[in-house]
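Features as listed in TrEMBL:
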TRANSMEM  47-66  transmembrane segment
TRANSMEM  143-163  transmembrane segment
TRANSMEM  169-190  transmembrane segment
TRANSMEM  216-233  transmembrane segment
TRANSMEM  253-271  transmembrane segment
TRANSMEM  278-298  transmembrane segment
TRANSMEM  304-323  transmembrane segment
TRANSMEM  344-363  transmembrane segment
TRANSMEM  369-387  transmembrane segment
Amino acid sequence: MNRREKHRHELALLASTGAYHMYDQWTRSLLPFVQWNLTPGVGMDNFIWLTAISTSFTLIGTFFVARLIEVMGLRNSAMISSAFVILYQFLVCQFTNLYVYIFLQSLLLFNNMQMIIDAAILNLESEDGDYKKRTRLITRIMIPQSIGYALGPYCALQMIFFVTPSLEISQALCGFLAIITLLPVIWNYFPDNPSTNLSLVPDFSGYFEALKSDNVKLYSLLLMMVTGPYTAYDSLLRNSMASSAIRDPNNMHNLFLTLGLTTVLVNTVLLPKLQTMISTQVLLSGSFSVLAGSYIYLAVFHDLIHLFIGMPVQVAAATICIGELSSQLMGAIGKRKAGTAASVLRMSQLAATLLVPFVHGTIVPHHDVVSLCLMSAALSGLAVVMVKKFGTSMVFSSEYLPGFSGKYD
């Protein structure tokens, strides 16, 4: 693949990432309102279990989509996955029956577009490629992802509060925009590398082989320690803010817009600068320390003004941790097993998300923000110890990191 083709494929990844996450967050922002209308009714304490059901289907789907990547190639896999997710976005607001809603969650077996994008990143780099170069591309991908995280909730809430209160119309528009913007980019510009001689039946031996590596196990565990606490807090906050959005939607608009802009700033300015100055091990231990501090701050201060202080810090630290750990994990598994590498990365985060309802509601009482934040701070502190003790194998090289304007060599 020459430099021009790499550049074209990279632009396609950036565009599809932004579009996909915008429509995904659009849908996620409306789900609390959908769940309120379900019959038979579902209490607030059970909303998180509905999220766990969705996550379970997505987690199961990682095995199939990973094999789909290796057999049908990146373009076909992305087209198939996106089509099923768009169908879900069209249908999820059309029914109010609880059991139909749960059945529709099965379409989220294909909600693994981010895994396909991760595999495409690994495909653009050689197996022995520079870790920092790979991290640069991962963090570039996180810029449109961050923009999507900001624009998705904003567009969804603007639609239902200021244009039409119909969830059905809002979601129909979301699905329609996905069809005319996301699918053409994937079909025309995504890299295509099918291997038709392989079977679609998942090969689980590859996962067991990958997990034999101590580095893979370490990076996967650390990813779970970032994603689990963040997802638990995010889920609690979204449900809490959605319940008050009818009275004052601007708070929800402004907070999620602030968080989205924070991740853009971190990925475009802060992280590239830090990567050229300090090693991956030091950067990760520092980020986990800041993450622990943000949870302690959020445990002490609960007012809205403090959310606008503590949460951007939390999101910034989590963004750095996820970007660095994703690069290390994918590099440890290698390009030849791109589907497996992307699947392990995706499963690490989904498994942490799936554990949330068992912690939040059993070990930690529902809506107990203080206990949840203190537990999250403790996990982040433990991660600091693990990075310092076991993270000596993390590779540092700034040779290929001239900033986000850098070119492929």
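Note that Cβ sites are derived from N, Cα and C of the backbone, with glycine treated the same way.
TrEMBL entries are annotated by machine, without manual review.
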Practice task
Give residue numbers and ranges for long-range contacts of the transmembrane segment (253-271): same chain, 6 or more residues beyond its ends, CB-CB under 8 A.
Solution key: 29, 139-140, 142-143, 145-151, 153-154, 157-158, 241, 304, 307-308, 311-312, 315-316, 319-320, 323, 404
Handout entry: Cβ contacts the transmembrane segment (304-323)/the transmembrane segment (216-233), at least three under 8 Å, sequence gap 6 or more
Key = yes
Fill in the blank from the handout: Outside the transmembrane segment (216-233), at least 6 residues beyond either end, the same-chain residues with a Cβ under 8 Å of its Cβ set are 210, 284, 288, 291, 295, 298, 314, 318, 321-322, 325-326, 328-329, 332-333, 344-345, 347-349, 351-353, 355-356, 359-360, 369, 372-373, 375-376, 379-380, 382-383, 386-387, 390-391
